[in-house]
Amino acid sequence: MQVLPPGSTGGPSRLFILRPVATTLLMAAILLAGIIGYRFLPVAALPEVDYPTIQVVTLYPGASPDVMTSAVTAPLERQFGQMSGLKQMSSQSSGGASVVTLQFQLTLPLDVAEQEVQAAINAATNLLPSDLPNPPIYSKVNPADPPIMTLAVTSNAMPMTQVEDMVETRVAQKISQVSGVGLVTLAGGQRPAVRVKLNAQAVAALGLTSETVRTAITGANVNSAKGSLDGPERAVTLSANDQMQSADDYRRLIIAYQNGAPVRLGDVATVEQGAENSWLGAWANQAPANVMNVQRQPGANIIATADSIRQMLPQLTESLPKSVKVTVLSDRTTNIRASVRDTQFELMLAIALVVMIIYLFLRNIPATIIPGVAVPLSLIGTFAVMVFLDFSINNLTLMALTIATGFVVDDAIVVIENISRYIEKGEKPLAAALKGAGEIGFTIISLTFSLIAVLIPLLFMGDIVGRLFREFAVTLAVAILISAVVSLTLTPMMCARMLSQQSLRKQNRFSRACERMFDRVIASYGRGLAKVLNHPWLTLSVAFATLLLSVMLWIVIPKGFFPVQDNGIIQGTLQAPQSSSYASMAQRQRQVAERILQDPAVQSLTTFVGVDGANPTLNSARLQINLKPLDARDDRVQQVISRLQTAVATIPGVALYLQPTQDLTIDTQVSRTQYQFTLQATTLDALSHWVPKLQNALQSLPQLSEVSSDWQDRGLAAWVNVDRDSASRLGISMADVDNALYNAFGQRLISTIYTQANQYRVVLEHNTASTPGLAALETIRLTSRDGGTVPLSAIARIEQRFAPLSINHLDQFPVTTFSFNVPEGYSLGDAVQAILDTEKTLALPADITTQFQGSTLAFQAALGSTVWLIVAAVVAMYIVLGVLYESFIHPITILSTLPTAGVGALLALIIAGSELDIIAIIGIILLIGIVKKNAIMMIDFALAAEREQGMSPRDAIFQACLLRFRPILMTTLAALLGALPLMLSTGVGAELRRPLGIAMVGGLLVSQVLTLFTTPVIYLLFDRLSLYVKSRFPRHKEEA
């Protein structure tokens, strides 16, 4: 290490000390750039790390899960499977709906993925059913990502079908056009339609069939081109009354003649205005409603998107009748803004605490002002670089700046303390600034680059976790770099002009008391250090025991992935027996809603029943529970969830699964609980054999709670077993049978009514009110070869069987997903290990594969790379220190301080009841960079004393420890108080910030005590080792 000799003229700081105007203007430029940058920074909950995800939904009313899988999902999957950059493809095929979710690699732009999906859909079109009502529709949205905003549209005066028609046309479409919106859905499905309910007995009495009626309706309602007449002088467009617009028009439609008399549709059917799908319903606080869910595109800024929607809502609602009310039930940005505000407050508090510590140690207002200027200047200047890198103001970048508060003041403190020491010896302020800054310049550079070296591995973390912490690491590194620049330029210049012997010597009663206290502390430390140096092997034993303890604590501490946040919104799934109908589910949701709304923490509730792209089966319902603001309720979200589940548990025939919404969404499907684990096979039969066994085994594990699976193979099904020979003899084809059944029971969309603003469907079905259940099949009649009609029972036998309610695929193979939570007292790491052990115990065959999904999969990947990440940070720091010191030995002395930080952090986490998650791991990595600065300051001065004053290694390190004790204590306390607001945070988003603060405060407390004694002993040990090596190998020269 090159140390500037006494009498140096300031080194890199000289120019800035001697040119105060230029220095001031340079700092003003940094400040101005930061202020301007801050105004352009967007606000977000977390850095944008979403996987490019696209959802493809295909609706085919009346189709069974098996038909949806084979006729719709499989052809689409074959085409999607050929797309480049596809990371994972999952699908869910249920009665009448197919949902395929495509997750692409992080590096693939969403627009490129969109083009590939559209091309794949086009290629699969010819393979899809010809009577598919609508082609597959894709949306740039992750279905597992909760809506950024939920609105309820209600009316006391208008039917819900009319309300939805207006809202869909006037509101939903406009919101869909907002930049960042990926999908707007109207839950409840009350789209207007003309419903034709055939009276099977009346139709049969007239010798007609449902197919006859369908053909008559489709032929009577058309909307096609008719041409034009082009004469010598005039052109005439041809038009006709080929469309029927209302239920009355259809009611008067003649469908046949009997004995010369017309038979109108109204004679054999009930024709009415109704909903397109009568098996869909949504409620807001138990009142029927159209619930509008707004989801963002992956990567879109949630705050900017929600602000745009809020701005246009008043204008959109003005176009609606006064009886239609639009209410914002939930807005995720409310909690995001509150969380950011709390973090900003903690940042300001950290700055105030750090400045207070500086004044406590320096007891001089001018000396306090100097670092008081350096801290905000370094932090504000960081905003300019953040804008350039397309970062945002989010919880992680604000946490980085809060932690940086303790870092950036370190450099200024070290410079001020060294310059003040020379002024107190009688040097002139300018000479002291030149000499002190020149002497300390290399130390500042060592501190800065060794700390940045710790952050380098974070930049190379892969997948979504790496993307998540890149903004954190870069923001912190930029703040540290700017701090170093400020400390080598502005700080010594201000010292030269603001400090003097008079100001430093001026003391009041408080200053003298503090000085006496510090003198006593330093004296006590000196006596303790002398004893430690006289018993080096005992000290080394303590250091070695600390290393072993850190390894043991690392093994036993509970491990998690990402803190569970309280964002004030709970997602729920209500599960009922597999044979449940829509009517029974609607009744059950009313009972559950009544219990939930009685809870004092609940502000509003939306529920949805029915099968669409969001809800897979009739025996399940979706819930969104919006809680009161955190300061208006007594309990956190997990306590509210426990209370709600207890309240609902007494309702027979239902199971309620609840989980809090999170800002970080890695999953690709809505799950009942927080964590997922999949079981995949080549056939459904293999799944049906192993799913019950594995589920029973998982439910018996104490490390898991609320274990469930989406495997539902006990749905009731009526199997129509057609005697093909009998049917052929009567001239009846299988297509005739399918059409007759579809016409009767499929809510078949048989025709379209076109208007200037929208399109509406004509729905055909049998009126089954008088013949419920399987008896309705006896009313089905088919047309035979001779024109007569025969009952279905003449050619078919009806069997009652069990069938799957939904069929799920993962990468084109059958799969079932197990969902689970982790009970109190256990960690996600415990749960994962228990599942892996259970797999081994069951000895699953080779054709059965298992895989963790979503956050559980990310946890496994992060856990596997954590140790290597810490090793990489240590190696990077060793390389940087080795280059700076031109030594192989001294970096090891400095790095010997690291186990103390690990022990302190892990002990603090265990005592606080926190898991070792990725936030806490980042804290430990930062500690690696912080605690080594104590050793750097000691060793720098010890080496200087050895080389310049000829001191012995023992005397040099002893003097260095006493000389640098005050700045070491000051900088450590500054870093500790910078992290303290995070550790003590209680507001919105505190779950995210607290592990970082706990790890850093615990690590700093323990390392501060131990390293002050272990570092000098290890320094002397390696000094003796170096002399031994030189004596054994005289030709080997090592500049230690």
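Placed from the backbone N, Cα and C atoms, the Cβ positions cover glycine too.
If one looks beyond the transmembrane segment (25-45) by at least 6 residues along the same chain, the residues whose Cβ comes under 8 Å of a Cβ in the stretch are 301-304, 332, 336-337, 339-340, 377, 379-388, 391-395, 482, 486, 489-490, 663, 989. Residues annotated as transmembrane segment in Swiss-Prot, with sequence analysis given as evidence: 25-45 (among others).
What Swiss-Prot records for 347-367 (among others) is transmembrane segment.
Residues 27, 30-31, 33-38, 40-41, 347, 351, 354-355, 358, 397, 401, 404-405, 408-409, 411-413, 416, 471, 474-475, 478-479, 482-483, 486-487, 490-491, 494-495, 498 of the same chain, all 6+ positions outside the transmembrane segment (369-389), place their C-beta atoms under 8 angstroms from a C-beta of that stretch. The transmembrane segment annotation in Swiss-Prot covers 369-389 (among others) and is backed by sequence analysis.
Here Swiss-Prot flags 396-416 (among others) as transmembrane segment.
If you look at the transmembrane segment (440-460), the same-chain residues 6 or more away from its ends with a CB under 8 A from one of its CBs are 1-4, 11-13, 407, 410-411, 414-415, 418, 466, 469-470, 472-474, 476-477, 480-481, 483-484, 487-488, 869, 872-873, 876-877, 879-881, 884-885, 894, 922, 925-926, 928-930, 932-933, 936-937, 940. For 440-460 (among others), the entry in Swiss-Prot reads transmembrane segment.
Taken from Swiss-Prot, the feature transmembrane segment covers 472-492 (among others). Within its own chain, the transmembrane segment (472-492) has Cβ neighbours under 8 Å at 10, 12-13, 16-17, 23-24, 26-27, 30, 47, 370-371, 373-374, 377-379, 381-382, 385-386, 389, 391, 396-397, 399-401, 403-404, 407-412, 414-416, 419, 433-434, 436-437, 441, 444-445, 447-448, 451-452, 455, 458-459, 922, 926, counting only residues six or more beyond its boundaries.
Look at Swiss-Prot and you will find 537-557 (among others) tagged as transmembrane segment. Here the transmembrane segment (537-557) has long-range neighbours at 896, 899-900, 902-903, 906-907, 909-910, 915-916, 1010, 1013-1014, 1017-1018, 1021, meaning same-chain residues at least 6 beyond its ends whose C-beta is under 8 angstroms from one of its own.
Taken from Swiss-Prot, the feature transmembrane segment applies to 863-883 (among others), supported by sequence analysis.
Note on the transmembrane segment (888-908): residues 1, 450, 543, 546-547, 549-550, 553-554, 557, 874, 877-878, 881-882, 916, 920, 923-924, 927-928, 930-932, 934-936, 939, 943, 998-1007, 1010-1011, 1014-1015, 1018-1019, 1022, 1025-1026, 1038, 1040 of its chain, located 6 or more positions outside it, place their CB under 8 angstroms from a CB of the stretch. Taken from Swiss-Prot, the feature transmembrane segment applies to 888-908 (among others).
If you look up Swiss-Prot, you'll see 910-930 (among others) marked as transmembrane segment.
Residues of the same chain lying 6 or more positions beyond the ends of the transmembrane segment (968-988) and with a Cβ under 8 Å from any Cβ of it are 335, 338-339, 342-343, 345-347, 349-350, 353-354, 356-358, 361, 399, 402-407, 409-410, 413-414, 417, 566-568, 630, 923, 930, 933-934, 937-938, 994, 996-998, 1000-1001, 1004-1005, 1008, 1012. Annotation source Swiss-Prot lists transmembrane segment at 968-988 (among others).
According to Swiss-Prot, the transmembrane segment annotation covers 998-1018 (among others), on the basis of sequence analysis. If one looks beyond the transmembrane segment (998-1018) by at least 6 residues along the same chain, the residues whose Cβ comes under 8 Å of a Cβ in the stretch are 403, 525, 528-529, 532-533, 536, 539-540, 542-543, 546, 893-894, 896-897, 900-909, 911-912, 914, 920, 923-924, 926-927, 930-931, 934-935, 938-939, 957-958, 961, 965, 968-969, 972, 975-976, 979-980, 982-983.
Taking Cβ pairs closer than 8 Å, the transmembrane segment (910-930) reaches residues 403, 406-407, 450-455, 457-458, 465, 469, 472, 476, 553-554, 557-563, 827-829, 862, 866, 869-870, 873-874, 877, 898, 901-902, 904, 972, 975, 979, 992-1000, 1002-1004, 1007 in its own chain, all 6 or more past its ends.
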